[in-house]
Each structure stands twice: as C-alpha cells, then as structure tokens.
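Peer 1: Take this structure, written in structure tokens, and hold onto it; I'll ask about it next.
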Amino acid sequence: MGENQETQKSFLETVKFDSNGLVPAIVQDHETGKVLMMAWMNLESLKMTLEKKKACYWSRSRNKLWLKGESSGNMQEVHDILIDCDGDTLLLKVSQKGGACHVGYHSCFYRRTVDGESMEICDTLMFDPEEVYGKQS
C-alpha cells in the first residue's frame with residue numbers, strides 16, 4: 001500500500017485490536033521522551049481519549065474504563081497518539097500531572113537492575129499512595 005493510500009485509511013480502522021479487543025499503549029512524556037507506563041486500550045477508551053484529549057484506558061483487573069487520574073488527580077493530557085508499523089501498538093505522548101505510577105513514582109519503570117539480580121530505585125517518588133488512595137486491605 002502506498003503512502004497516500006495508507007494515510008487515507010482512518011486512524012481507528014488502522015488499529016489492530018487483539019482477540020480480547022485490546023491494544024497496548026505505551027505512554028511517554030511529550031517533552032522529555034521518558035516512558036511513563038504501559039496500559040491497555042479498547043475501542044471505547046481510545047475514542048474517549050481522542051475526544052477528551054485525556055488518557056483513558058481499559059483496566060483488565062477491574063474490567064472497566066479507567067480515566068487516568070480519576071482517583072489520584074494525576075491526569076494525563078494527550079498531545080499526540082502514534083501507531084506502530086504493524087498497527088498493533090500505540091504510543092501516547094502526554095503531559096503527566098503528578099506521578100504516572102499507582103505506587104507513587106513519576107514512571108511505572110522506577111526500578112532498574114544493578115547487577116542482573118538486585119534492583120535499585122531510579123525515579124522520583126511523587127506522592128504517597130496511602131494518602132491518595134487510602135490503605136489497601
């Protein structure tokens with residue numbers, strides 16, 4: 001398919017959802033390029049994100065739509081959405097308010113391996129999850 005034909009397809013037609021109706025979305029800070037998180041989107045959450053310019057995902061554990069920041073206030077303003085060459089992965093470029101990670105860090109990728117076995121924290125703690133979400137039982 002030539003470039004002109006490819007760009008004429010609608011964005012939503014190009015997205016290849018998996019057998020569960022989901023597509024992975026990598027989330028990146030639009031200014032720094034830092035990867036903040038990975039989440040899943042279904043058609044409804046993707047349409048909502050496109051409409052509101054606020055990141056909305058599909059929670060597999062809760063089996064419902066999840067507007068990022070609805071509990072914590074740590075919203076993601078969406079600046080751009082890119083799709084990969086296969087159409088099966090999205091990249092959201094966002095402005096992150098507060099931390100992206102539910103355990104309080106700026107990025108969900110807040111740990112790195114030191115020697116292949118041990119880990120160290122390599123990111124900034126932005127909030128105390130107990131203060132934001134309450135104590136989890």
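Count begins at 1; order follows the chain as displayed.
Positions of Cβ are set from backbone N, Cα and C atoms, glycine also.
Sharing the features that Swiss-Prot gives for it:
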| type | residues | note |
| --- | --- | --- |
| BINDING | D84, D86, D88 | Mg(2+) binding site |
| BINDING | C85, C101, C108 | Zn(2+) binding site |
Peer 1: Just to verify a number: CA distance, C108 (Zn(2+) binding site) to D88 (Mg(2+) binding site), in angstrom, no decimals.
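Peer 2: Roughly 22 Å, rounded to the nearest whole number.
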Peer 1: Near the Mg(2+) site, what residues other than D84, D86, D88 in the same chain have a C-beta no further than 8 Å from the centroid of the listed C-beta atoms?
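Peer 2: After dropping the recorded site residues, what remains is K16, I83, C85, G87, T89.
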Peer 1: Just going by other Cβ atoms within 10 Å, which of the binding-site residues D84, D86, D88 has the emptiest spot?
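Peer 2: Relative to the other binding-site residues in D84, D86, D88, D86 has the fewest Cβ atoms within 10 Å.
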Peer 1: Around C101 (Zn(2+) binding site), how many other C-beta atoms are within 10 angstroms of its C-beta?
Peer 2: 20
Peer 1: From the Cα of C101 (Zn(2+) binding site) across to the Cα of D84 (Mg(2+) binding site), what is the distance in angstrom?
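Peer 2: Rounded to a whole number, the Cα-Cα distance is 24 Å.
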Peer 1: For the binding-site residues C85, C108, which one has its C-beta crowded by the most other C-beta atoms within 10 angstroms?
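Peer 2: Per the Cβ count, the most surrounded site is C108.
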